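Report on the following structure.
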């Protein structure tokens, strides 16, 4: 009898009408189409994630993924990415990657050719070159003009607090004050919600196996060396073929403290509907940071999916892409923020 049960379960999984599936953050249609095409041509779930997110790196999706966007405080664009195999639970990630365009491609090589999980900075670039990736300048005319405009408006907004000179009024270099007189309120970042800052993607194969990944050039005007949620397993994304996958986008500095993608997958493991799993994750962060900018996408191994976002001025709905046999082609979906 146990054997019969397994056989039935497998048949059920294989014939789930909603699979295979690709779900990704934002209305990044070309990324969704690329990932879907990889699956249709017999590529693996990891291939689909790598090529789908890689498409955004090439297209410079919203200026917030790939080269030529989100210059840091010194004007340089650096990249963060991760990819996760939900069958083996292996993760490959790179952070603060400099002068190499295909960040998620490098992350995949971390899985394939090393026993490590996360490589960072200059050393990650050297690894990339060893793996055959070309050194390229990630700066463009556009990122240079964004940078000089920022310098001209007294380096506003930025990510410093409690420093001298007053970071809400002038550029650095900043130092610790001799003694802290009164704790300066954190300056509310004027960061527009159009800095979509990440592509996050979850791919579920026909048999229910899960892979996930992210790619980003991080927060615009970030302090050099800053790493956000995107390359951190469980924060930027998480995949587990026994439960499902999730990916997050938004204010990584806040969101990464809550491991939202890991939490969402754990909720789904307990049988929680993907939409509810996503909502629970968002409301958990809300208690500590009511004004945070962020969203989460969730999909379980049967092909059910959902998303949730935190409602703030200028961000009341979240757009994401879903591809599955039921939809025929990659389709934009919208969810109201909570």
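Glycine is treated like the rest: Cβ placed from N, Cα and C.
Quick look at what TrEMBL lists:
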type	residues	note
ACT_SITE	198	active site, nucleophile
BINDING	226, 227, 228, 229, 249, 250, 251, 252	substrate binding site
SIGNAL	1-16	signal peptide
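Across the residues annotated as binding substrate (226, 227, 228, 229, 249, 250, 251, 252), the widest Cα-Cα separation comes to 16 Å. Considering other CB atoms within 10 Å as the measure, the emptiest surroundings among the binding-site residues 228, 250, 252 are those of 228. Proximity of residue 226 (substrate binding site) to non-local residues of its own chain (separation of 6 or more, Cβ distance below 8 Å) is seen for 72, 96, 159, 218, 219, 253, given in sequence order. For the pair residue 228 (substrate binding site) and residue 198 (active site, nucleophile), the Cα-Cα distance reads 10 Å. Sequence-distant contacts of residue 198 (active site, nucleophile), defined by Cβ-Cβ distance under 8 angstroms and a gap of at least six in the same chain, are 25, 64, 65, 214, 215, 216, 230, 236, 248, 249, 250, 252. Long-range Cβ proximity for residue 227 (substrate binding site), meaning a same-chain Cβ under 8 A and a gap of 6 or more residues, is found for 80, 95, 96, 120, 218. Annotation for residue 229 (substrate binding site): spatial neighbours 235, 236, 248, 252, 253, 255, 256, 260, criterion Cβ-Cβ under 8 Å with sequence separation of six or more.
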